[in-house]
Every structure is written in structure tokens, then in C-alpha cells.
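Before anything else, here's the structure in question.
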Amino acid sequence: MPIEFIATSKLPTAFGEFNISVFQDPVTGEEHVALSKGLENPPTGPVLVRVHSECLTGDAFASLKCDCGPQLQATQKLINEAGQGVILYLRQEGRGIGLTNKIRAYALQDQGHDTVDANLLLNLPADARRYDMCSIMLDHLKVKEVKLITNNPLKIQALKDQGINVVDRVPLTVGRNPFNEQYLKTKRERMDHLYQKDDF
């Protein structure tokens, strides 16, 4: 069953004022969030959009094992400066495997396994996320064309498969540090993320 719009409110942040809207799956109770700016009226052109999966360790605890927190903050800054945009914040912790399994995967990474192999050793997919809720959320916000802020070609294709017109990709190369260099290399070499070796 598709997710449903539940509520919206203004949200002042360190990066500017946004609107926060909550959507919920009526069967599972799963909640997803749209953080938007400048969409009080239907947009007349492409809108900056980021599809960001929840990362408690990176987004809330400033973990250096990934680049999720810096990506989220950089996107908020970019959208605030542009005056218009949306972050679809999907509650898909650990690329969809959940927080407990994510920490189990972290323990395997501590032993030298990369982020893909760690998931596979737990008999879990390298990426278990889904994106079918995105079209409903964007349709509610009257967004028809997007400039997608991503390095992940799977997200581009997922939105296109839902009939969303992705007119451009906006690269996002922030957050590299000594603790996540192997993680970024794995995303580039094993998950086909569109990083270049000289991006950082």
C-alpha cells in the first residue's frame, strides 16, 4: 500500500528555514520525511532533490566511518542557497538492513572486510533499499522535474523508473577523511558510485 501524507510544519535549522513533512505507510507504520524549501507554490522548472537514507551514526553522531552526515549538511546548505529544493529522508538505516545489522557489519569492517562483503557475510544484500515512496512524496510537493543530488546511479534509475524526469545530476563530494577512504573506494569500485579519484 502506498505511503500517505500525515503532517507538515516549519523547521528552522542551522542551515536555514525548511518545511518538514511526514509520510507514513499505513500498514507497516514506517515513516519517511520530506525536508523542503521554496515549494509553497508548484515549481515551474527542475527542483534540486536529494534522496537520503537514514544514517543514525553519520547524521546524528558525526561518525567518520561514512560520508552521510557531511552529505546531508552540504545538501541543506545547497538547497538553502538555491532557495528551493527537497531532501527525501528515507528511514532505511544501514542501506536498508537496519541499525542492529549495520553495527554487526561495522564489527566485520573492523576486522578488515569492506562494506559490501560485511553485508554479504551476514547473508544480507549489499543494498536493500527501495525507492518506490519517492514518487508519492514528490507528487505531493508538485515536483515533476528534478536535478538529483547524488553519486549513486541506482537512485537516478530508480526515480526514472517511477516516471520522474531526472534532468540533471548534481555531484556531491564531501566528507572524505582517513577513516572512510576505504568505504568511498568500495562505493566507487564495487557499487558503481560516480566518484572520480580526484574528486576529493
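Don't overthink the numbers, they just go from 1 along the chain as shown.
Cβ atoms are placed via backbone N, Cα and C, with glycine included.
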Which of these, GLN71, GLN73, GLN84, does Swiss-Prot list as part of the GTP site with ARG50, VAL51, HIS52, SER53, GLU54, GLU93, GLY94, ARG95, THR115, THR150, LYS155?
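Same GTP site in Swiss-Prot: GLN71.
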Roughly how many angstrom lie between the C-alpha atoms of ARG95 (GTP binding site) and ARG129 (active site, nucleophile)?
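Counting only the Cα atoms, the answer is 6 Å.
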If you count Cβ atoms within 10 Å of the Cβ of CYS66 (Zn(2+) binding site), leaving out that atom itself, what do you get?
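The answer is 20 other Cβ atoms.
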Most Cβ neighbours within 10 Å: which of the recorded positions ARG50, HIS52, ARG95, ARG129 is it?
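Its Cβ has the most other Cβ atoms within 10 Å: ARG50.
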Which recorded positions (GLU54, GLU93, ASP127, THR150) fall within 10 Å of CYS68 (Zn(2+) binding site) by Cα distance?
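Taking GLU54, GLU93, ASP127, THR150 one by one, the ones whose Cα falls within 10 Å of CYS68 (Zn(2+) binding site) are GLU54.
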Say you check the Cα of HIS52 (GTP binding site) against those of the recorded positions CYS66, ASP127, ARG129; which is nearest?
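Nearest listed residue in space: ARG129.
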So for GLU54 (GTP binding site), how many other CB atoms are inside 10 Å of its CB?
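GLU54 (GTP binding site) is surrounded by 19 other Cβ atoms within 10 Å.
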